């Protein structure tokens, strides 16, 4: 199982398909729950894990399909870097900030 080449891993791809269902449940909970509640915090942390994972596997599929073979290692390195930064940013927002849902609600009101 290689996270670097995530779309080639059968187990990661199965988990990716299950992440659709997790996202379908987490997004409404995050949007509906009061920003300072336990369900909101829990769904924010879960989103901070599931969303970057889902995007990472998807972008690796894009690399496989559209990037020339010679450039794929560099492209996959870029995808891994973006995934790491996204994960860290969403976790910081979830644990130290207003949370993902709270931030989106503030942006929506602005």
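Using N, Cα and C of the backbone, Cβ positions are placed for all residues, glycine too.
No curator has checked TrEMBL annotations; they are predicted automatically.
Listed in sequence order, 16, 19, 20, 23 are the same-chain residues six or more apart from residue 54 (heme b binding site) with CB atoms under 8 A from its CB. Look at TrEMBL and you will find 54 tagged as heme b binding site.
Taken from TrEMBL, the feature ubiquinone binding site covers 66. Counted within 10 Å of its Cβ, the other Cβ atoms near residue 66 (ubiquinone binding site) come to 9, all protein chains included. Reduced to three states, the DSSP call for residue 66 (ubiquinone binding site) is helix.
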**Prompt:** If H, G and I count as helix, E and B as strand, and all else as coil, what does DSSP give for residue 54 (heme b binding site)?
**Reply:** helix
